[in-house]
Structure formats: structure tokens, C-alpha cells
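Single-structure report; data block below.
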Amino acid sequence: MATTDDRLEEKPPYGVDVDTEKNTTAVTTNDGPVAAWTRIRDLAHKAIVFGRVELRGVAPIPVKERTVDRTINIFTLWWSMNANILPIAFGMIGPASGLSLRDSSLVILFFVLLTTLLPAYLATLGPKTGMRQMIQARYSFGRYIVSIPVFLNLATMTGFCIIIAVIGGQCLSAVADGNLSVTVGIVIISLVTLVISFCGYKWLHIYERYAWIPAFIAIIVAAGCGGRDLANQVPAEPAKASAVLSYGMIMASYMVPWACLASDFTTYLKPDTSSVKIFCYSYFGLATPTILLMTLGAAVGGAIPNNPTWQDKYNETLVGGILDAMLAPAGGFGKFLVVVLAFTLLGNLAATSYSITLNFQMLVPVLFKVPRYMFSIVLVAIMIPVSIAAADDFFLNMENFLALIGYWSSAFLGVVLVEHFVYRKGDCGRYDPEAWNDAGLLPWGVAALGSVALSFAVVVPSMAQVWWTGPIARTTGDIGFELAFVVSGLLYVPLRWVERRHLGR
């Protein structure tokens, strides 16, 4: 008789949950609340079948179902996730940190090109293993200890969703000239996210294939309308090394977390898909729009103090107000474009919420049995109140959030990559697909957790944040994420050797 895990692995990637023994859905004729719930459930299933929503969850994709050969989808996916106004907001932090447009642009260019290597490479492992990124992490962190990085990954992705919801809400409020509050705008963006997050791999890629087009048109028009003012930059002092490295940390905090979900989007590709193609499509699809739009954001941030109108709009609704001011010369069409820009954020939200629902199922074993789409409701229930609270002091809250995610994700990736290259010789065939949910076949994860935890003995003194500046960072600037990656990887080599010697796995 098939086990629960076997039945999960035999599910089709799209469609309704069924009894795999009888190939039928459960039906009951009872009256009362049970019957009412059954009717609601059946209606939901019909909607899911109509929309071909993915219900598989986190079980590895069998080889026979890895059939997608449209590799270009990877490029359009990464491009659409970043071809929106979110990178513009991150770019604005550079001038706010005292960097000139030139220095901000150079930091953006260098750190984005460097840190994009991580998600681009890990995306290549999806077709070969059929495993989501955090399922792959079980082969170093173990069946149960992996819940710690999964929780941190959930917090990271939910934090980004909150940032996006706030920016989208600000845009809708700005275009309504105060007749729509930021709170209502946040609710609108969040509810649209709920609808999109029900969809799975197939519809995600279809949406992302076209979502970037209106986004880029609107951004180009905004840059054209505000071009004259963008040239009027505030004079800046020569860049200090500490400011450069601290802003570089923010760039890393934007880019590195993508690596913690990179293979989530490539698991349905054919196993023999060219890794070079996947790497290049991922690298350039992620880096190109990010560099361009962060640089535009740096230009906008450096011009705000010299333009009273922009400054006033910024004081009212921050990013949304700036975009509304930039597009003001276009009149009513400009306001329409601000609305378009608000909804271009859905390209990022769609992909991020897709991975969030998967990570919920990986958090603790009991959640594995809950349908993935149920977590979309949980996500939005969290997003709305937290986004409303975060909007009050947006940039400060965003920087405090970013200060944390770059450190843990870098340490996590140091461990995962050492496991892959040192102990599995870079061979995806060494990941036993039968072991993915069996604690007896997976490592304990003590070596991985210990490596990450011990690395923070060096990371904490190297952090430079508003609430803490370590003794190393006072001299060098923030080098925490670099040290987290290197030190955790180095520590993992001997600790994993001891673990393997003791366990034999």
C-alpha cells in the first residue's frame, strides 16, 4: 500500500487533490455544518481546477513530470520580479546615506554583479534534483533543524512582501491626492496578491512573461518626465569606506535572499536542461533590471532635496509621492502610470508569495498536509496589519529589516554551498531523492546549525547598524555579510566531517 509521501509524489503538478487509490474526490451527503463546509470546499476545488492551480506542495518533482523546456521563462521570471519600483526604493537609500550618484551607482554595480552569482547558480540545481531550495537544504541542515532557516526565510520573504505592499499603497494614495489613504492602498495591493498567490508554477511563468512590459514603459516615461530635475543632484562629500560597505550590505540584503528560493522556480524544467543557459538567464534576468532601476533610484534620491515639489510629495507619501511628482507633467496619463507602477509590484509579489506558501509547508511536519493555497490567506492576514504599522516610518523600518536578512542568509548559503561542492562534489546525483523526508537518511544538521551560530561570533563585531556598531565595523564599515558567508563555510568543513564520521551520512 502506498504511503502518504508516495501518494504526494504521485500527484499531478496542477489540478485538484484526489484520492490516489480511487481517483475520486470525497463526497458526503450529510446535512448541517459539515455539509456546508463540504460544499464550500468543493466550490474551492472547482475554482482551483478551472484556474489550474498548483497543489503539489513541497514534494520533489518526479523526473517524468519535469517536462518544461521553455528555458527563456527563467529570464522573464527574474526580469519581471525586479522590473518594478522596488529597486528604485532601494536605490534611493544611497544618497540618503551620504553617497553621491556616482558612488551609489558604482556600489550598486559591483555588489549586484557579485551577489547575483549565488541565486543564478542555485537556480541550476532545480531541474537536476526536482527539489525546492529549502528541501535541498535538508541535506545539510537535516529534517528538523532545517525548520530554523525555513522560519528565517519565511520572515525574510514576508518582510519583502510587506515592503512591496507599503510602496504600492503609497502609490495608490499619492495618485488619489489624499482621497485614498495609504492603509486602503495597502489593503488593495494585499488582496490582489491573495488572488495571484493561489496560482502555481504554470500561471506564475505566464504572468511574469508579460508583466514587465507595462512596468518598463511606465518607468521610462517617468524618467523622461523627470529627466531635467534628475540632473540637479545634491553635492556630496567624498565617499567613506564605511558608507560604501554599509550600502553594499543593503545591496547584498536585496540580492542574496533570492538564492534561498532560486530553485523553486526551476524544478519543472527538464533534467537535461543546460545549466549554462539557466545560469545566464537567471543572472542577467536578475541583475540587469536591478542595476538599471537602483541607479535610477539613486538619481531620484539625490535630486529630491533640490526640488521643493518633489520634497513635499516625498514627505507626504514617500516613493509613491515622488513618482506622482515626476509624472505630473503628463497630467491624467501620468496618474494612470502611477497606478500601473503600483501594480507592477505584483510581479515580485507573485513569485515571492509562491515560495512563501511552499516554505510554510516545510516549517513543521504537520503543515505538510495543509494545501499550499491555504497559506496564501495566512500570508495576506499577516501582510495587511504589519504593512500598515510599518508604513509610519517606512525607510527606517526597511533599513532595520534589511540589516538582519543579509547576515543569516549569507551564513546559510555558505553552509549549503560547502555541502554541495565539498561533500557532494558538485554532483546532484549524490542527493538521494528517497531521503528528502526521512530523518534517518538525512544528516542531523548539528554541523550546519553550529557553523551558522558560531560564525556570528565574527559577524556581530562586524555589523554597522543604527542600533549596533561593532568594534570591527567602526574601522572597516559593515562587512558582516561577507564574513558570515566565508566563516560559516569554513567552519562547516570540519564540523560536517565529524558529523559524517559519527553518523555515516
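Cβ coordinates are placed from backbone N, Cα and C, and glycine is handled just like the others.
In TrEMBL, annotation is done automatically, which means it is predicted and not curated.
Annotated features in TrEMBL:
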TRANSMEM  74-93  transmembrane segment
TRANSMEM  105-123  transmembrane segment
TRANSMEM  144-168  transmembrane segment
TRANSMEM  180-204  transmembrane segment
TRANSMEM  211-231  transmembrane segment
TRANSMEM  243-266  transmembrane segment
TRANSMEM  278-304  transmembrane segment
TRANSMEM  336-358  transmembrane segment
TRANSMEM  370-389  transmembrane segment
TRANSMEM  401-423  transmembrane segment
TRANSMEM  444-467  transmembrane segment
TRANSMEM  479-498  transmembrane segment
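Cβ atoms under 8 Å from those of the transmembrane segment (105-123) belong to residues 74, 91, 94, 99, 133, 244, 247-248, 251-252, 255-256, 258-259, 262-263, 265-266, 278-280, 282-283, 286-287, 290-291, 294-295, 298, 413, 416 of the same chain, restricted to positions at least 6 beyond its ends. At the 8 Å Cβ cutoff, the transmembrane segment (180-204) and the transmembrane segment (336-358) share at least 3 close pairs (sequence separation 6 or more) and count as touching. Scored by C-beta pairs under 8 angstroms, the transmembrane segment (336-358) has its highest count with 74-93, from the stretches 74-93, 243-266, 278-304, 401-423. Sequence-distant residue pairs (6 or more apart) of the transmembrane segment (370-389) and the transmembrane segment (144-168) include at least 3 whose Cβ atoms are under 8 Å, placing the two stretches in contact. Residues 104, 108, 123, 163-164, 167, 171, 204-205, 207-209, 211-212, 215-216, 219, 247, 250-251, 254, 265-266, 269, 278, 281-282, 284-286, 288-290, 293-301, 319, 323, 341-342, 344-345, 347-348, 351-352, 395, 398-399 of the same chain sit 6 or more residues outside the transmembrane segment (74-93) yet have a Cβ under 8 Å from a Cβ within it.
Tertiary proximity for the transmembrane segment (278-304) is limited to same-chain residues at least six positions away from its ends with a CB under 8 Å from its CB atoms, namely 71-72, 74-79, 81-85, 87-96, 99-101, 104-105, 108-109, 112-113, 116-117, 119-121, 123-124, 126-127, 212, 219, 223, 226, 229-234, 236, 251, 254-255, 258, 262, 266, 269, 310-311, 314, 322, 326. Non-local neighbours of the transmembrane segment (479-498) in the same chain are 140, 245, 249, 252-253, 256, 406-408, 410-415, 417-419, 422-423, 443, 446-448, 450-452, 454-456, 458-460, 462-464, 472-473; each lies 6+ residues outside the stretch with a CB under 8 Å from one of its CB atoms.
Looking at which of 144-168, 243-266, 444-467 has the most CB pairs under 8 Å to the transmembrane segment (401-423), the answer is the stretch 243-266. Listed as Cβ neighbours of the transmembrane segment (243-266) (distance under 8 Å, sequence separation of 6 or more from its ends, same chain) are residues 74, 77, 87, 90, 93-94, 97-99, 103-104, 107-108, 110-112, 115-116, 118-127, 129, 131-134, 136, 149, 153, 156-157, 160, 201, 204-205, 278, 282, 286, 290, 294, 351-352, 354-355, 358-359, 399, 402-403, 405-406, 409-410, 412-413, 464, 476-481.
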